[in-house]
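Among the features that TrEMBL reports, heme c binding site is placed at A:Cys140, A:Cys143, A:His144. Here TrEMBL flags A:1-23 as signal peptide.
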Amino acid sequence: MKAITKFTLALTLAAGVGSAAYANEAAIKARQGQMELYAHYLGLLGGMAKGAVPYDADKAGAAAASLASLTKLDSSRLWPEGSDDMSAEGTRALPAIWDNPDDVMKKAMALGEAAAGMEMAAGQSLESLQGAMGPLGGACGACHKAYRAPDS
Amino acid sequence: MYRAARYFVFLIILAGAVFWWITAPKRVSETDIAGLTGDAVRGETVFWAGGCAACHSAPGAEGDARLVLSGGRGFASDFGTFHAPNISPDPTHGIGGWQAVDLVNAMRHGTAPDGSHYYPAFPYTSYARADLQDMVDLWAFLQTLPASDLPDTAHEVGFPFSIRRLLGGWKFLFSGPDQVVTADLPPEAARGRALVEGLGHCGECHSPRNALGGIDYARWLGGAPNPAGRGTIPNITPGKLTWSEPDLVEYFTSGFTPDYDSAGGEMAEVVQNLAKLPVEDRRAIAAYLKAVPAVE
């Protein structure tokens, strides 16, 4: 009887740990997908800023609006505890993210503001789009610098 | 026998004299900069081009805190860990007691006001190529910054590198040429040369070094291991760098790579500085990087 209880307990725990790991793996994939989407819309805006793609106010405005919506996703679903690079595979997210929630929130707000700034600017003129790239890059970089492990 | 001994003693004294002469700290004199007046506004551009804040601000400083040059960051290397000193205008713990000529001596010759040699973790090998006017302008700007009374942290450097006099020999061997790329360049790339080889001190990290830490000018900007351990610092010559000039300018402005990742590590800090330069300077750096000899 005792042995069976122990066995059941062990099984339940293992299943619990297993499903948490599975949930975290899904969250890591999802937030990396979010980053890919950022890069996808930035590709058009940056291409215009660099002069590699002709400027088109409507397309720029639409890309910037999509970018701004991406900053509004519920991040608690994307960044669960235990999905840092010490606990999980396939991520460069440093554990410090979960140790400094206030700073992370501040940086996330800054990204939201920079994306809103781009949303305002992108459809106006090429010059205003170019001017909004810097703050946007700064906001992305601020978080990556503090909370992402170096490549390789 | 007696003659031989005397000859031997003579040789030792001669070697000592040569050593003393080679390792003697070099300085400029007051008269070399007597005609120059510092302009703090121009000095701010020199400050961002030189990337002073990247090393001399407090660890993790952001925004306006990057203008408080309290020092305190540590830099690991094969020779030990160096700690950036306080270069804020504090008279006791910073450089408030300096004159313009002291900054010029530090940047041009790596010589401290007391005549000792600075370690080349302070990139005077590159800064030496900057104009005296730039240094005097920088001095004017540094004096406008807030003071910090944070005391310096001593470098953690083992024997024999702890003997500062030997650095005179290091400078003698490894000071490098006045210009690394000597070819005639169009004006934009030539401006880029001044920035990259001088104030920007890009070659300090992006070029490989020999066993004694001297830059390998034959493989200028050809990439190097990261002295802090993890990863490598990329080859930014046309041998490996495939980004276009507009790609480079965008990277120096917003930190976005051509696939819209953002600059990481130390380079994120560098981008913060480059973004403050006029766009013409960022274009000049890109033009120069396309003109340097390719390292495969």
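Every residue, even glycine, has its Cβ placed from backbone N, Cα and C.
Unlike curated records, TrEMBL annotations are generated automatically.
Sequence features, as recorded in TrEMBL, placed on the structure.
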{"residue": "A:Cys140", "record": "heme c binding site", "Cβ within 10 Å": "27"}
{"residue": "A:Cys143", "record": "heme c binding site", "Cβ within 10 Å": "18"}
{"residue": "A:His144", "record": "heme c binding site", "Cβ within 10 Å": "20"}
